[in-house]
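Student: Got a structure here, written out as structure tokens. Questions coming.
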Amino acid sequence: MLTPKETLSVDFLKTFFLQKICGTNYPVSIGFIVVNEFCERFSYYGMKAVLTLYFINYLQWNNNLSTAVYHAFSSLCYFTPLLGALIADSWLGKFRTIIYLSVVYVIGHVVKSVGAIPDVGDNTLHITLSMLGLGLIAFGTGGIKPCVAAFGGDQFEEEHTEERTKFFSIFYMSINAGSVLSTIITPILRSDVQCFGGDCYALAFGVPAALMLVALVVFIAGSGMYKKNPREGNVLVNVCRCIGFAIHNRWWSPRNSPRREHWLDWAQEKYPKQLIQEIKMVLRVLALYIPLPMFWALFDQQGSRWTLQATRMNMDFVSPLTFFGSMLNALMILLFIPVFDMGVYPLVSLCRVKLTPLRKMTAGMVLAALAFAAATVCPPFIFLTQKTVVQPPQAQECLMQVLNLADGDVSVRIPGHSIFAEPIKSYEVLQMALNAIISYLFIYFNRFFCDLNLTEHTIPRAPLKSGRQARVHCQPLAVVQDPDNLALKKMEDVQANDVHIAWQIPQYVLLTAGEVMFSITGLEFSYSQAPVSMKSVLQAGWLMTVAFGNVIVLIVAEGAGLEQWMEFLLFAALLIAVSGIFSIMAYFYTYVDPGRLGNEDAGNVDVLKKEKESICKSDTPKSTRI
């Protein structure tokens, strides 16, 4: 039993640790959570900003393989939240799960950075360390995803729903602030800082590792101020067992058994009614999630297909060049959140249109589809206006590139071929595909005429590997005849990119607007519609829609074999069709009042339908993109 002095000390500590910010209903503890999220998102997006180019330029992978691995990694990051939710709800609780998996996260960043050091082993070791590091990062970031947002929501009292809603907006702003800074800083570290004789990927990955360590330290620093709800037990296992028992009991029940209102009611013989009602609520939300991966299939292509599209465009005012899109998206998010909250949504409400959360999400899906429709304009325009890259030769062909270094025209004649019918002008470059065993052949001329025998000049005689070159010339090169009269000659073998990157702005505007309406609404919808004991599980279910979206990209990118613009158009058409299906499902969904989740009839559909209009408010909460 505590003495009066000890009781006073406990009360003082409780008041100190649960104090509010400036007399408001916002706990001081959310400050540590917001800063932690800012640093963690800086770490994640900073690493991801240079990941595609790291695969292409450092590991020497082609575009398709780089895109596939990029989306496989993104997909893994959103499959692991289910494991994190299981650990948090059944074993460690949210607080300790965040700490332990953050340590794994930091280790993954360190391993990834070491794998980007050229002096550490050969290319095989670099690939091994990179894949190991990405695996640890995926487990760390995915494991804490369903816990951090839910842990932040747990800091508020049940009656402070408005403050909790605004917290999610602040939480979302911190995510995008970290994203903006990281997509500016890490590409600069990669390209402008030289280390080990080239682009400094080790530093570009090392700085995110340091920020993740800061995130861990900040989160631990606020440990004494957090409201830590006890773990709910093995929730996911109980849910699965209850569902299994209901199916088994329904299947083996006598035919003359009385009908039950819901198939889950067949579990009443073994499981409490409250658990059954909570599972009903969760299953209704999870059913709504089925069409959602299609949105993420389009959204996450910002870091792969849209980045590769940008590399073929004129990016004069962008630095670092290929990260214009990521930075633009994050900046527009910071702008669009207040614009939509204080402008768009109130104006729509004045038109007597009730914007429920699911209607917002449907509108966001349509906007994302329009973004990809806009993206189809760029690829044909790029390829029709100029050839911006040297296309690799097909199988059993070589690419012959002729550079005329002579002062006059050069005629090229190859026995058995007539590919160069016209003379080549002085200091002009021509390239042709030719059936031969040479993979890539440069021919230099400094005489006005040359007969070239491919058999004689096939060096080496075995077919060259991809990316290798064979160089031959007819006479010894003597470009500089008079050292006192040097002349600088410019030769252009690949035309400059003339399609300006500003053509991508409309597609980013549409996609960002779609993100504000879809993603910002979705996670808070998941939090508010979930029972207290299953919030992490339902958050994990929401995040898994992102994982399946990346799986869709993998299937289409690897299996469809379409031109880029046709692929974009296919994605846009699919999302329009899916948004129609989702809107029909949303029409029949019955919202749950978060204040009644603990009531006995909270999961009763008939009771809730009577209150549907009072619960579906137009001023619905927002949430965050993870």
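Backbone N, Cα and C define each Cβ position, glycine as well.
Per TrEMBL, the features are:
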type: TRANSMEM; residues: 16-35; note: transmembrane segment
type: TRANSMEM; residues: 67-86; note: transmembrane segment
type: TRANSMEM; residues: 98-117; note: transmembrane segment
type: TRANSMEM; residues: 129-148; note: transmembrane segment
type: TRANSMEM; residues: 169-189; note: transmembrane segment
type: TRANSMEM; residues: 201-221; note: transmembrane segment
type: TRANSMEM; residues: 281-299; note: transmembrane segment
type: TRANSMEM; residues: 319-340; note: transmembrane segment
type: TRANSMEM; residues: 361-383; note: transmembrane segment
type: TRANSMEM; residues: 429-445; note: transmembrane segment
type: TRANSMEM; residues: 537-556; note: transmembrane segment
type: TRANSMEM; residues: 568-589; note: transmembrane segment
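What does the local environment look like for each feature on the list?
Tutor: Residues 48, 51-52, 55, 61, 97, 101, 134-135, 137-139, 141-147, 236, 300, 303-305, 308, 536-537, 539-541, 543-551, 553-554, 557-558 of the same chain sit 6 or more residues outside the transmembrane segment (67-86) yet have a Cβ under 8 Å from a Cβ within it.
Non-local neighbours of the transmembrane segment (129-148) in the same chain are 33, 36-37, 40, 44, 47, 54, 59, 73, 76-85, 87-88, 94, 97-98, 101-116, 120-121, 536-537, 539-540, 543, 626; each lies 6+ residues outside the stretch with a CB under 8 Å from one of its CB atoms.
Within its own chain, the transmembrane segment (201-221) has Cβ neighbours under 8 Å at 32-33, 35-40, 42-44, 46-47, 50, 54, 58, 98-99, 102-103, 105-106, 109-110, 112-114, 116-117, 182, 185-187, 189-190, 193, 195, counting only residues six or more beyond its boundaries.
Residues 239, 264, 358, 361, 364-365, 368-369, 371-372, 511, 514-515, 518-519, 522, 525-526, 529-531, 534, 537-538, 541-542, 544-553, 556, 571-572, 574-575, 578-579, 581-582, 585-586, 589-590, 592, 597, 602-603 of the same chain lie 6+ residues outside the transmembrane segment (281-299) yet bring a C-beta within less than 8 angstroms of a C-beta in it.
Below 8 angstroms of C-beta separation, residues 67-68, 71-72, 74-79, 81-82, 84-86, 89, 142, 145-146, 149-150, 235-236, 239, 282, 285-286, 289, 292-301, 304, 522-523, 526-527, 529-530, 562, 567, 570-571, 626 of the same chain, each at least six residues beyond the ends of the transmembrane segment (537-556), sit close to that stretch.
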Student: Which residues of the chain, 6 or more past the ends of the transmembrane segment (98-117), have a CB below 8 A from one of its CBs?
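Tutor: Distal contacts: 40, 43, 47, 54, 58, 84, 87, 92, 125-130, 132-141, 143-144, 147-148, 151, 196, 201-202, 204-206, 208-209, 212-213, 215-216, 219-220.
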Student: In the same chain, who gets a Cβ under 8 Å from the transmembrane segment (568-589) while lying at least 6 residues past its ends?
Tutor: 284, 287-288, 291-292, 294-295, 297-298, 301, 305, 356, 358-359, 361-362, 365-366, 368-370, 372-373, 375-376, 379, 556, 560, 562
